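What follows is a short report on a single structure.
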């Protein structure tokens, strides 16, 4: 039994929202078993799982099993009480028991900005039409809130027959008929058992929700159409951003896996969605959701993504929206593409004109008319101490009727604050950031005239209101503005490194467009997502790393179409080493949080460049065995490694001396108490035969970098070459610096293969 491979047994246990109903509360657990210990008398693992549960507890039944996993995990999900979970911990077949996690969605002119409207000249011998033709065979699985199948973004006009290898299907539901799928939207499934068990005795907690793939939230429709939406002319959000809407890979297929519900995305449901997507035959998995940092063997997404990678599936995940705080990343496993967010060259400016003549610029997606004359301006006028936040019931209608109200950002939703002002009789709103949000701005489709401003502007407006007897304001709206400079800029909300789980792996990997993204929307909900918003729109503008993630998922689909033989890590390497770090003013990328220059903890390798990624010159490939050696270098027990890898014969006989030895396209050097750190990398020539590359390096003054050899010559395509890089820090560097950044660049006349390097001397 000790040599048997690990299975992950996910035990989903009821989270009792109404404790008066039950005596024994049920909780969600992830339990790992020795999968290959299957006794011969059981025809399937499912039979064994059921019998094993019932042998441990008289209260466990066959109905306790919610999911039986096959591809992402070798295990199952079940509903148990804490006593039953404890019995499992004592079983010889059990390798570990961990509580399940609830994950959250990461949301707060794109193709043209990325250059996808022009020809892909670098894909030798082929044109854009050839690339899109090839992408007909690529399938993107989207793990999210479901799909609105009637959207024109999923129109299948001109699409050829569905690939014969596809094993997925469209499930029926109370509000979803399988006939709603087509040659574009080729799969739609829902997974809700974990959510139901955590929502009042197995029932849906929200009356609007049905057990079906239909998207009642909008998020899943938005992300799916961003990745692979068909061309839709004259698309806009109530007139904003009008133009042609299309996904990154408009000819690729889409399969929707609904795992997220009104209270979040339960790990057991996410796992079931990933499990089915892998067995259905997707090529790319896109997950715009995440949780906090955890060891990889406790991270449902990381474990499911490893299984996907083993099956040749590229996995793209959002980095999180907890920036600009350092060490705020989610989804940091090296086999996952971790995507941060940047801005487009498009904006939606709005203006505040104060009675003292000062004029400030903010953002808004309000679709009505601006104000033609000044009105009174108030702040913190209400019946309780929360009136500055514009919480429900906090405003005094007698004091704010017909006026513009300054609302501090925070606690409740941004658009909800406008609804509170409107319901109390207010005419408009200035949504002013505080220190908690800094200069982070998000444009919203407000229910009344409203402008969002940063903290500095907000402080000046608040001071004005307090310092004059009759303050006034005029709000006006600038519509859609393009060719904004500088762009891209790293979004203030985009989560930042360093990577707390594995500091030797630099994260995020790249940034992509994630601010004010126009994409398809669910017509079951208004653009603000508020119940009080009765407006219906076919498209919506949203911000978040949720929006940047599907951009990279779509680009990965194009890469898969162009290079079907490439591994997920090869595609990832191409997107990373060709990313750019200069904006459209030829300056280094800047950080929206403060306006200073960004660094690789904010933008990773840089902003994706799909043209160059199609022909990167060199790639850093990583095998499954390399990932296993990486996991073995993390001081995990063999059971933990087997839980991720699922193989019974993993022994950790091969492991890296340092996790940073993984053949990753970027480098993160953690000196700690050491003065010298040395890594070896291997690159594969995917350019022309006879290519030669010279190396150049940059580093902080306190670090000396030596690369051997300094020149690489490849006689044939597919040839591999190794190089060693040695970093030596000065003796007093730890006293004068905490962190710094540099780069290693291999280049010739055709290609620039860039790897950023992060240096840390002390743990942050």
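Just so you know, glycine gets a Cβ as well, placed from its N, Cα and C.
These come from TrEMBL:
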type     : residues : note
DOMAIN   : 28-106   : domain 'Inhibitor I9'
DOMAIN   : 136-603  : domain 'Peptidase S8/S53'
ACT_SITE : 144      : active site, charge relay system
REGION   : 202-226  : region 'Disordered'
COMPBIAS : 211-220  : compositional bias 'Basic and acidic residues'
ACT_SITE : 219      : active site, charge relay system
DOMAIN   : 378-460  : domain 'PA'
ACT_SITE : 546      : active site, charge relay system
DOMAIN   : 661-758  : domain 'Subtilisin-like protease fibronectin type-III'
_Integer Å distance between the CA atoms belonging to residue 219 (active site, charge relay system) and residue 546 (active site, charge relay system)_ = 8
*Reported in the order helix, strand, coil, what are the DSSP residue counts of the domain 'Subtilisin-like protease fibronectin type-III' (661-758)?*
5 helix, 56 strand, 37 coil
*Expressed to the nearest Å, what is the distance separating residue 219 (active site, charge relay system) and residue 144 (active site, charge relay system) at their Cα atoms?*
7
_Using a 10 Å radius around each Cβ and all protein chains in view, which of these active-site residues has the most neighbours: 144, 219, 546?_
546
*When DSSP states are grouped into helix, strand and coil, how many residues of the domain 'PA' (378-460) land in each?*
23 helix, 20 strand, 40 coil
*Tell me, what is the mean pLDDT of the domain 'Inhibitor I9' (28-106)?*
79
_Could you give me three numbers for the domain 'Inhibitor I9' (28-106), the DSSP helix, strand and coil residue counts?_
26 helix, 24 strand, 29 coil
